[in-house]
């Protein structure tokens, strides 16, 4: 329900900003990627608060209310013509288009970023809330948790399916106030649905800020390495640590057993766990040092998924604009361009259960392992699919531009080429999303220390955020690098037909290939920490 409320607007937002707020296509694309990037980046805040001070239960309820308020603001603005810039004719210059400014722009961005704050909080707490319901100490519990992550992504896809079909059709035919209104009602209804399971939930007790532990170990390691030490300094045993230094016992999982001696990896950090630190408040236990090592080891994997999510950002920007120039009729039915994501979400809905109930059991038997396909293998498959998606996108844009070159069009007339060609890049990217997002969430949850699991799981959505921000940066850099005094940049012009979008897609394909090689380097070096993760 939350994903329905979010994607109902995000998938079509670029056209709302162009047609009703009168932003240029490039500005609208950047505003959309910034909005979606911020929403996903704020998942880190939701995850942090869930681990440190509140439960995932309370963070969900608070975040849903904030998202509701943001959608109310957007609904009111879409409803009132006095809160939007004057109408204009985009096809003719008789009525100039005035970009939204001043208080009207402030209202637009207030609504968008309140909604983004709520979305981020929910994304940061809900996956870990569900995963905490399963027993980490049994094979059955770990298998059920893996199934949960698969079906979590499938449920996101079901919400997206309703959003990009029914709600987008409402926005196109009845008005944006109806689309925002449906999203507002949906997120409000999700609250009693969530509360209905309150008596059954198992909630992890917050154990204080995980960031405090991370910074304490990092600063302690730096200072202790810079300070002269006597030979008597040795690695601290757990008996020297005060009870307050030891993480609280969680009701749903058990901490990794305390070790007397730190591991040999990232030896620099071992200096944080000496008996006589530079400052007493920097006294760290061996377990705290090992927990921080785990966090640092997963960061390269996190970084390698950002490029894939940069590719995914194109689904809600340039791909929608491409489809809006093409013939969007299937028989007598006119399909809104923003409904194109129906192809990947249907594929995810179909492939998700097949993957969980057929492919994974077969892989478990073939490999005689608990997971069948490891988390890193699954992420790698997603990265490969994203490379193929960008290559397909470039070829389809070349075909579309050929149709443009030999067609004389009247204003607002679609090109004589079906928008179904765009579906191919959506299918590849949708498959990549299924493999990578579910694999990444389970990887971060199972590998992270128990007192950092919500924050670690939210890294999956932070990767999406970084991808959207990277997309914005690449668009700006490409325009600056390719634009000269006599020529527009690749992604600049009066309309999409003047863009060199195919060159941009080839660039994305090349960058994705380099990123995959980078990923292979780190994945081959990574050693799993959790039980069952090795397969």
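Note that Cβ sites are derived from N, Cα and C of the backbone, with glycine treated the same way.
Keep in mind the model is a prediction, meaning the values are calculated, not measured.
Of the listed segments 102-124, 125-147, 148-170, TrEMBL assigns transmembrane segment to 148-170. The stretch in closest packing with the transmembrane segment (418-445), judged by the count of Cβ pairs under 8 Å and taken from 59-76, 294-315, 504-522, is 294-315. A contact links the transmembrane segment (504-522) to the transmembrane segment (376-398), because at least 3 Cβ pairs that are 6 or more residues apart lie under 8 A. Same-chain residues lying 6+ beyond the ends of the transmembrane segment (148-170) with a Cβ under 8 Å from its Cβ atoms: 1-8, 11-12, 127, 130-131, 133-134, 178-179, 182-183, 336, 338-342, 344-346, 348-349, 352-353, 355-356, 433-434, 437-438, 441-442, 445. Comparing 35-53, 59-76, 294-315, 457-478 for CB pairs under 8 angstroms to the transmembrane segment (176-197), the maximum falls on 59-76.
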